[in-house]
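Record features (TrEMBL):
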TRANSMEM  55-76  transmembrane segment
TRANSMEM  88-111  transmembrane segment
TRANSMEM  131-152  transmembrane segment
REGION    191-227  region 'Disordered'
REGION    246-272  region 'Disordered'
COMPBIAS  250-260  compositional bias 'Basic and acidic residues'
TRANSMEM  280-303  transmembrane segment
TRANSMEM  309-328  transmembrane segment
TRANSMEM  340-363  transmembrane segment
TRANSMEM  375-402  transmembrane segment
TRANSMEM  422-441  transmembrane segment
Amino acid sequence: MATPSLSVEASARYLMGLGYVLSGPLNSEGSTSAEPQVKQRSLCDGFTGSYSVGLHVGALFLILFVSLLGTAIPILGKCIPWLVKYPFVFSAAKSAATGVLLSVSTIHLIFEGAEAFTEECIPPSLKKYAPLYFLIAMIAVLLMQALDMQLADIAERWMKAKLKAEAEATKAGAKGDEDFRELSAEVKVGVTSGPAQTEGPLSEEPVELRTTGPSPFEREGTNGESCVEPRVPVAATEGGEAALTMPSPEQHDHRGESVSHGHQHLTAAPPSNMGTIRRVISALCMEFGVTLHSVFVGLTVGLTTDGELKPLIVALVFHQLFEGMAMGSRLAEAEFKGNLEIILALVFSFSAPVGMAAAAIAVSVSPSTMSGSGFTTLVAVLDTFCGGILLYLAFTLLLGDFVADVKHYCAEGQKYRTVKKIILFAAVWAGMGLMALVGNWL
């Protein structure tokens, strides 16, 4: 009977070395089983177990590389001629990213928040309402809806003001053209009504019209620069009439067209339609939710022991790769101007490593820093809140894009429409399934 007892004690010591907490007696008289009750180490407990800073630093750089790779693939894909030629490939990747986000919002965030609310150190007042995590997620959804509608309303007013300004500029350009024609006609009538030349050779020198004050042919352009038309020369002819040299109609019409179409030399044009603006809004909101989630994932991984880290690091590699591709595809579709998409990609890529670094520093200074009631409550609330944000984005914006892609590529008359529809649906399910599988460890 001594051998099983030693085996249980050895198992208990091994599990405690990995950071698990054992509750209950190892052997109790009258019990049907001598197995110890094992529970996963929680955020309420101080850090226990072996911890190698070098191993965690190596994992940090690995996660940073994978995160950068995941976000860079969709963004750099815009520069690959093959992907530009076949945009359906990008749409399939975007559909997979939608499935990834569905799993992240539910399995990785709301579920983890629900687990955190069951920890022993959570204040009793928060445990009185059992479905509190779902309430926080719904509050996040409603706040996102209000924010989305408000931003869309602001963007719509901005677009109307922009279109009104363009219409006024076009009208002003047309009025300027009409004034130019009327003035040219008056000049020609005034010259022909004067006395005709009867003697002397024909004048070879053109007569230049001079006016006092600014020339009537100098008017302001649409971009604030002065568009100076050449002065109108008048030359004598055999019949005593003066020929009026005017710009060709093609040249003048092109200027009017440039006014109406807003051909300006701008380095960074703002979004030109509501669809682009909504994609920008969804990308920014997704950036906030996913980045905050990655920070806490990094904190969790950084607080693990050496024995726990090895299986977790594999799951975290796939986690950051899939999330990075989802984030990068949305940043690429939003068509940010300048370097904004690169900056946002870097912010996401550094989020998990920053969390891991903060956890490693905290463990080195004080193992009990990132534990206890306050820290656990903060993680629970933010996990469920970010889950609600991503859930709103997934069901309102991203799945809406998926339906639009299906209608575009699988419409009547499209080649291989059935195959394309199967690929798009399979991409969504594959992204959701792979991220749900990773959720078993993270």
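Cβ atoms are placed via backbone N, Cα and C, with glycine included.
Automatic, uncurated: that is what TrEMBL annotation is.
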Leading contact stretch, 131-152, 280-303, 309-328, 340-363, 422-441 vs the transmembrane segment (88-111) - CB distance under 8 Å:
422-441
Does the transmembrane segment (55-76) come near the transmembrane segment (375-402), with 3+ Cβ pairs under 8 Å (pairs 6 or more apart)?
no
Are there residues at least six beyond either end of the transmembrane segment (375-402) with Cβ under 8 Å to its Cβ atoms? List them, or say none.
42-44, 94-95, 97-98, 101-102, 104-106, 108-110, 112-114, 116-117, 119, 121-123, 126, 133-134, 136-141, 144-145, 148, 278, 282, 285-286, 288-290, 292-293, 296, 299, 330, 333, 424, 428
Any chance you could find the range in 131-152, 280-303, 340-363 with the most Cβ pairs under 8 Å to the transmembrane segment (309-328)?
280-303
